[in-house]
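Enquirer: Shown below is the structure under consideration.
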Amino acid sequence: MEKWSLMTITVLLALTVRWTVSLGSYSGAGKPPMYGDYEAQRHWQEVTYNLPIRQWYFNTSDNNLLYWGLDYPPLTAYHSFLCAYVAKLINPDWIALHTSRGYESQSHKLFMRTTVFVADLLIYIPAVILYCCSLKETSTKKKVSSALCILLYPGLILIDHGHFQYNSVSLGFALWGVLCLSYDWDLLGSAAFCLALNYKQMELYHSLPFFCYLLGKCFKKGLKGKGLLLLIKLAGTVVASFAVCWLPFCTDVEQIMQVLRRLFPIDRGLFEDKVANIWCSLSVLIKIKNVVSPQTQLKLSFAVTFLSLLPTCIKLTVQPSLRGFKLTLVSCALSFFLFSFQVHEKSILLVSVPVCLIINEVPFMATWFLLVSTFSMLPLLLKDGLLLPYAVTTLAFLSACVASFAIFEKTSAKDLQLKPFSQSLRGYVSWFKLFPKIVRSLFLLSVTLMGVLSVMSAAVHPPQRFPDLFPVSVSSISCLHFLFFLVYFNVIILWDSKNSRNQKKVS
């Protein structure tokens, strides 16, 4: 009873923070002609409600794809239609074809913010609460603390309830998938992840860990017996899930091809804006977009991404465990973010939510990563006028993590899950005993640097010669952090002796 009372208070606090952030500005507010993501979501409601399904993804006189054309999978379109249906009942002007372009009002803002709030409340938040309650060998206090820190993660709050998007839907479905797999409900977990993938194609960041974990379970059960049966059931579940989601588009091959072209546009280039990945950071020294063709960029990014995630995926397939699965979700998503093609700054959320899932296991490193991930989106947040919510939610999150997990006391090799690695280095690296102090010092230096850059980005005008000095500095420093975290997570996965002991649980 006490657990659920504390969880209720946690949810109420999380909802209060979300609604408070939603009172602020949003992407593209009062900035014609393109406005921003807020207008994109409103425009998709306009298109899906007023046009037949066969025109949703095609360029027509009523659907100019150059003006926020629909470029997400069918479930996003259906969600937009559902929101539009409600909007029509309240005020038809909000989604009137053509004439509603750029519509802004306080009542419409309230409606749009409410749609995000409801989606969060129905899909993401219940998944977080049930996931934290499902944690084994964990006290009630730790379960509540984990839920509090996950729900107060500022990155997702600022993007969904500030900037304006519905990331909590796809991430929530993915989290439901993880939750189902933790109970060995493999078919339900597969279906939930298919929903996530059919809401946002960026969920491909998580697809390989799901695939490798389930394939590994099939191997362990034996492909001549129960394993083969499970594999057939999983394949059937995936096919059925996709068939249901894509059913209205399956009447015409050209419809399917056009949707796919909209989902995976090659001509947009290697990256957009000042994203904290390796390609954007390298472009400071080498203008990759100018010296390499788009097709070569695509092949290069694919090759580097594949090579970076291959070791952990092989380990997960050979030694499937729930712990290894969650860690591989982090490492694979981070590899995609750092090295893949057409990455947005908001894509770091696809790494952050899996990191949230292990905050009770490695609280120090998880907290550090989540702070950096929020900081990496600073240029976007400043553009949207979200400096105050950024500062307040980040400080609140850091305070919650320090109070809940005493993170500065969790820096030993054992606490950082590095004991197997440190034992393999014993006799070669004499300074490894100083590692806890080094990590704490690096954390404090990192937080100080992020704080100083945040203040300077908001208050100091850059030199005329370097107008992008602060955004580039933010993305480059964040990228260095992410490379460090990629190495760290790969090390604890590849040297994790617990995985082999946990295989019995998935056999």
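Placed from the backbone N, Cα and C atoms, the Cβ positions cover glycine too.
As listed in Swiss-Prot for this protein:
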- 4-24: transmembrane segment (TRANSMEM)
- 25-114: topological domain 'Lumenal' (TOPO_DOM)
- Asn59: N-linked glycosylation site (CARBOHYD)
- 115-135: transmembrane segment (TRANSMEM)
- 136-143: topological domain 'Cytoplasmic' (TOPO_DOM)
- 144-164: transmembrane segment (TRANSMEM)
- 165-168: topological domain 'Lumenal' (TOPO_DOM)
- 169-189: transmembrane segment (TRANSMEM)
- 190-226: topological domain 'Cytoplasmic' (TOPO_DOM)
- 227-247: transmembrane segment (TRANSMEM)
- 248-297: topological domain 'Lumenal' (TOPO_DOM)
- 298-318: transmembrane segment (TRANSMEM)
- 319-338: topological domain 'Cytoplasmic' (TOPO_DOM)
- 339-359: transmembrane segment (TRANSMEM)
- 362-382: transmembrane segment (TRANSMEM)
- 383-387: topological domain 'Cytoplasmic' (TOPO_DOM)
- 388-408: transmembrane segment (TRANSMEM)
- 409-441: topological domain 'Lumenal' (TOPO_DOM)
- 442-462: transmembrane segment (TRANSMEM)
- 463-473: topological domain 'Cytoplasmic' (TOPO_DOM)
- 474-494: transmembrane segment (TRANSMEM)
- 495-507: topological domain 'Lumenal' (TOPO_DOM)
Enquirer: Considering only Cβ pairs within less than 8 angstroms, which of the stretches 298-318, 442-462, 474-494 has the most against the transmembrane segment (339-359)?
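Expert: It is 298-318 that shares the most Cβ pairs under 8 Å with the transmembrane segment (339-359).
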Enquirer: Restricting to the chain of Asn59 (N-linked glycosylation site) and a gap of 6 or more, list residues whose Cβ falls under 8 Å of its Cβ, or answer none.
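Expert: Listed in sequence order, they are Leu65, Leu66, Gly69.
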Enquirer: With helix taken as DSSP H, G or I, strand as E or B and everything else coil, how many residues of the topological domain 'Lumenal' (248-297) land in each class?
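Expert: Summed over the topological domain 'Lumenal' (248-297), the classes give 29 helix, 1 strand, 20 coil.
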Enquirer: Which numbers of helix, strand and coil residues does DSSP report for the topological domain 'Cytoplasmic' (319-338)?
Expert: 17 helix, 0 strand, 3 coil
Enquirer: Who are the long-range neighbours of the topological domain 'Cytoplasmic' (463-473) in its own chain, taking Cβ under 8 Å and residues 6 or more past its ends?
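Expert: Distant contacts of the topological domain 'Cytoplasmic' (463-473): 273-274, 284, 379, 453, 456-457.
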Enquirer: Are there residues at least 6 beyond the ends of the topological domain 'Cytoplasmic' (319-338) whose Cβ is under 8 Å from a Cβ of it, and what are they?
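Expert: Tertiary neighbours of the topological domain 'Cytoplasmic' (319-338) are 178, 181-182, 204-206, 208-209, 212-213, 216-217, 219-220, 277-278, 305, 308-309, 312-313, 347-348, 350-351, 354-355, 357-358, 361, 479, 482-483, 485-486, 489-490, 492-493, 496, 498-500, 502-503, 505-506.
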Enquirer: Is the topological domain 'Cytoplasmic' (190-226) packed against any residues at least 6 beyond its ends, judged by a Cβ distance under 8 Å, and which are they?
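Expert: Cβ under 8 Å, 6 or more out: 72-76, 79, 167, 169-174, 176-177, 180-181, 234, 237-238, 241-242, 245-246, 263-264, 309, 313-314, 316-320, 324-325, 328-329, 332-333, 336-337, 347, 350-351, 354, 503, 506-507.
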